[in-house]
Amino acid sequence: MAPSGEGMRRRASLASSQPHTREVQEGLRHTQIDEGSEYISTSTNNVADGFQSIHWEEGGSPLPISYSTSHNERTPLRSFYHRSFLGSLDAGQYSSRGVRAKTAELASLALFNGEQDRTESTVPEPQMSMPNTFGGMLVDGQRDANRSSLATRSQPGPVEELSEPHSPAMGSHPSPQYNASALTTMIRDSTPNSNDNELSEELIPEDFPAPALTLSHHSTVPDTERTALILSASRTKSRDYGTTTVDVEGQITRYKPWNKFHAICTRRGAWCLHCLNPKAWDSRVIWREGIVYPISLLPAVFLGLLLNVLDALSYGMILFPLGEPIFAHLAPDGISMFYVSTIVAQLVYSCGGSIFRGGVGSEMIEVVPFFHKMAFMILNRVGKQDEKAVLATTILAYAMSSVLTGSVFFLMGAFKLGSLIGFFPRHILIGCIGGVGWFLVATGVVVSARLSGGLEYNLDTLKRLFQLDTIFLWTLPLGAAMVLLVIKRFVKSNFLVGGYFISIGVVFYIFKFSLNIPLETLRSRGWVFEAPSSSEPWYHFYTLYDFSAVHWPALAETIPAMFALTFFGVLHVPINVPALGISTGEDNLSVDRELAAHGISNALSGLFGSIQNYLVYTNSLLFIDSGGNSRLAGVMLAFATFGIMLVGPSIIGYIPIVVVGALIYMLGIELMEEALVDTYGKLHKLEYLTVVIIVVTMGAWDFVIGIVIGIILACVNFVVQTAQKSAITATYSGQVAISTVRRHPLHVRFLRDAGRQTFVIKLAGFLFFGTIVSVEKRVRGLIEEKTFKDQPIRFLILDLTRVNGLDFSAAEAFTRLNRILSKRRVHMIISGIDVEGEVGENLRNVGLFEKENEVEIFETLNSALEY
């Protein structure tokens, strides 16, 4: 216990300042790595004995206290590596000169008390040479001298050291528990020795488990002027805290995309090797993951397969304009192309292309009107007499449009341009959706009524539709679709649509068998589709590709339609994907990633000779809600669809036309309802009128022209709506708006009386040809004969502080206003602009600031009022 009294201080003396003897040991210490063959020898010099003397001084009577450091933790030499980059600690930065020494002394006492409790251990204490970083505590007389040496001494360099093996003789003894904190070790090591060559020796038991050290590759590299200030973190993992040179506060390593791809391939390869290794198999895991889990996905796969079949009958069958005799026999080929596109899209999305694990890919229904347009363009250019050239050119145009769409999608995703879709007016897309709905309703009439040449809006077609042998062909499917739409408002089930159309087919065949009507009779009367040739397999559409028969000029004429098709697809996909993300609660959605996935799927589909595809919102939502929210379910759906495709198109000869017609009607009515009914009252009147015009133009005239008209109307709508908002935010008379300059009361009274001759107009926003009209009208009203006679003005101040830009028309309007005001001898003053800024430059370009115009310019409104 330390004595107390005035002036009592605790001091510690360095080993070099005390008159005691030192032993100097020189030799080599060899360390053998556990179960290794490599030996590392390290020489240790100038090792001092392991005791320190601590004196309690009271009136000059020291009390020597010596203790052994045999149980102290041996700090690895690698721990000095971090300090080798830092300069010596400056003792002068502390507010008290003795704080550092007293703190180190307290840490020493704590170590001493902890070691004293372990002195009764029976573990032998062999001496091991190790540089001591304890240093010692300075007496007052040595503090100043040592401070100067601290600034010039060099830090010891990093020394490589590997862990020592446990001694066999000591293996049976328990390892002592070393409970010194890292903070104590840091405080103890932070006091450097006054002499580089004087080092103390710490003794710890040999059987103390030395931590496994991981040497960094840059621990032996000398520092140069190119050495990084922040070291790169080592990838070698170690569980021993504080024993490596890894910067625990370093930044996370960002791997390049190639490294990510390599890591994915490595994980997949390891998984494959694990599956091929019978020793790693687990029967329970195989039963759970290989049998039970896939079986649990079968209901969702069945629902997705049913949706694909129904879509193939409604979308794929009308891929070619069946009303033309030259395309009438291509319904089975259209279904096969639909299946190929669907399978490619499903595999791309389910194998990691999309963030949605249960996403369902299918044909892009919106492209069918453009396909029909391209087919008619080629038919009109080539002629009906050359059927082979027409078919070869048409199907090649379909595939090329798919590759073009995929390329645009992928480039937008790669360059992260998905946000550009937000700049396109939404009501134009709504109008296009309504146009697609009109097209589907018209196609339903053509398919159901078996009209040749398509639906023409004339009196002959109307008479044909209401003939006795035709009216029931298209009205029954229309009625069935209307009944389903009513039921869907009250019944919310994932199996409603599929069960409804299956029940229609069952009821149809019940009547067929009960009335004993031959199938050929039903086909000839238009109730069942014609059976395709039994010799045509599912891959028959590949025989239509004949590059020698392609009519290249006719193909070139379809390029505008291809770009219009791509443009419409680009607008549609980035809207479906975020909507699906909201419905499924996917927070990590990236539109750019989905665009890249759509690009890959569409390009591959085109290379496989098929058509465009995309992630279908409705089908994906139904598939996920029914339990198919996994990539395995998507892959199973792709293989199930492939199995249906292998069956061939022969099943078409047994499908009632009423089922397909009702499907097409239902889809068309839903799209038109979305465009015309759901938006009524929500859109501005001009925007809703634009939607109606787009729908009518696309349905009755042409799809491409409908898009062009929609863009033009959107621009006109923007100008009209913006022009209705006045750019004038406030107007003041000079009696109200006065400068903040302090004046004599007589001057203030005079300025207030003369303020009636000053008028201030404050403008805001972007001034263009639509908004500058109201400004010009307001200024003209001030100088009209009657108004100017009642309230004459001499100064007109136009404050442009809140104007962020103007176009050429607005700048010209300012020069015109200045000429009009000059005739009335009214001076125009411009305030709140920077002559070198954008607004000032635009006004200067039209000559407003020329000397003859006599226009005054001020940076602030206050300075203009002061003038």
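From the backbone N, Cα and C atoms, a Cβ is placed for every residue, glycine too.
Now, the feature entries from TrEMBL:
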| type | residues | note |
| --- | --- | --- |
| COMPBIAS | 20-33 | compositional bias 'Basic and acidic residues' |
| DOMAIN | 760-867 | domain 'STAS' |
| REGION | 1-40 | region 'Disordered' |
| REGION | 145-174 | region 'Disordered' |
| TRANSMEM | 291-310 | transmembrane segment |
| TRANSMEM | 330-352 | transmembrane segment |
| TRANSMEM | 395-415 | transmembrane segment |
| TRANSMEM | 427-451 | transmembrane segment |
| TRANSMEM | 471-487 | transmembrane segment |
| TRANSMEM | 494-511 | transmembrane segment |
| TRANSMEM | 561-583 | transmembrane segment |
| TRANSMEM | 595-615 | transmembrane segment |
| TRANSMEM | 635-667 | transmembrane segment |
| TRANSMEM | 688-720 | transmembrane segment |
Please work out which recorded stretch in 291-310, 330-352, 427-451 has the most C-beta pairs separated by under 8 angstroms from the transmembrane segment (471-487)? 427-451
Do any residues of this chain, six or more beyond the ends of the transmembrane segment (595-615), have a C-beta under 8 angstroms from a C-beta of it, and if so which? 319, 337-338, 340-342, 344-345, 348-349, 353-354, 356, 359-364, 367, 371, 395, 398-414, 417-418, 541-542, 545, 565, 569, 572-574, 576-577, 580
As a test: from 561-583, 635-667, 688-720, pick the stretch that has the greatest number of Cβ pairs under 8 Å with the transmembrane segment (330-352). 635-667
Please work out which recorded stretch in 291-310, 494-511, 561-583, 635-667 has the most C-beta pairs separated by under 8 angstroms from the transmembrane segment (427-451)? 635-667
Counting by DSSP secondary structure, give me helix, strand and coil numbers for the domain 'STAS' (760-867). 50 helix, 28 strand, 30 coil
Quick test of the contact rule: Cβ under 8 Å, at least six residues beyond the ends. What residues does that give for the transmembrane segment (561-583)? 355-356, 359, 364, 366-367, 370, 373-374, 377, 397, 400-401, 404-405, 408-409, 412, 418, 421, 424, 429, 432, 589, 591, 594-595, 598, 612, 614-617, 620-621, 703-704, 707
Does the transmembrane segment (291-310) make contact with the transmembrane segment (635-667) through 3 or more Cβ pairs under 8 Å, each pair 6 or more apart in sequence? yes
